[in-house]
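Right, one structure below, let's go through it.
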Ligand SMILES: [Zn+2]
């Protein structure tokens, strides 16, 4: 099988980078559509407009309607045709960014991704999640390429809620362990081939960065300031984890996250929070070294990431529901089959309950 690594064409990260948007986007298009929701537009409209003031490039702001749905994508496609738009810039959270990527794919124009939070590793990937107008999951849209440009403004991210940064660290925590498992099994990654040494190195660097800088980064955001640690964590959550998961491979942790979506009481949690517990379950499943499990538990506690159902707001667990979650985690095509050994529903059920007790013990 071929080895493949994917990444965005360019990644830029800095303080007040939004004020230099024109510098980075002008080579991609001269007539850009900028989409953002009302809340984000209030923050970015002035600096973005200023950056284009003395430029030969034009920009058109358009409100993002809140759902990455076919209706919204088609609406934006019409605006693109009517205004001869030649590039699209998405500024905001996951759904805004996924919509910008999807529109770029259908309109065959370059896309610039400007996340205003560092809560998942999705921004760098060649993937959009499409929902119905009512917000129900519809499909994964596999794009023909990764974004042309990803821009992280550290000042904007420092002012976002700390729980979102922590959730991003939870998502990034899974990257090394899932890539390690997928490589051991010699399975295909999301990039369509087996992992490279480069993606393995990025995944490992991602984990080490979380351990060394995670806590200080959390304190930085609590104070709404940028430190070297926060810079390192923004890079780990977005780029290292982004390339690390896509080209390093997913395994049990994300499959367990997907399984846990059947438990309604967990719907209020962020993706990365549920993935965190998925990591713990994967470590139990593979009987990882105990010092490694302790490192992960200590890290999660410092960052306020959940390590048991109590942390996730469930006092009494319903074992039948947990068995259903285990079943869904083992659905056909799930990435749990990228583990380097056979995994059954009973194995996953046992690992979930054991990980939960382990997390509870560690918390008490
Ligand atoms: Zn994830």
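Yeah, the Cβs are placed from backbone N, Cα and C, and that goes for glycine too.
The NAD(+) binding site annotation in TrEMBL covers 37, 94, 95, 96, 97, 98, 116, 117, 118, 119, 125, 127, 131. Classification of residue 131 (NAD(+) binding site) by DSSP places it within a strand.
According to DSSP, residue 271 (glycerol binding site) sits within a helical segment. As annotated by TrEMBL, glycerol binding site applies to 121, 171, 254, 271.
What TrEMBL lists as domain 'Alcohol dehydrogenase iron-type/glycerol dehydrogenase GldA' is 8-154.
Each residue contributes its Cα atom, and for residue 95 (NAD(+) binding site) and residue 271 (glycerol binding site) those atoms are 13 Å apart.
Sequence-distant contacts (6 or more apart, same chain, Cβ under 8 Å) of residue 254 (glycerol binding site) comprise 174, 178, 275, 278, 335.
Other residues of the chain with a Cβ within 8 Å of the Cβ centroid of 121, 171, 254, 271, the glycerol site, are 120, 122, 170, 172, 174, 241, 245, 257, 272, 275. Selection of the binding-site residues 37, 116, 118, 131, 171 by a Cβ distance under 6 Å from ligand 1 yields, in sequence order, 171.
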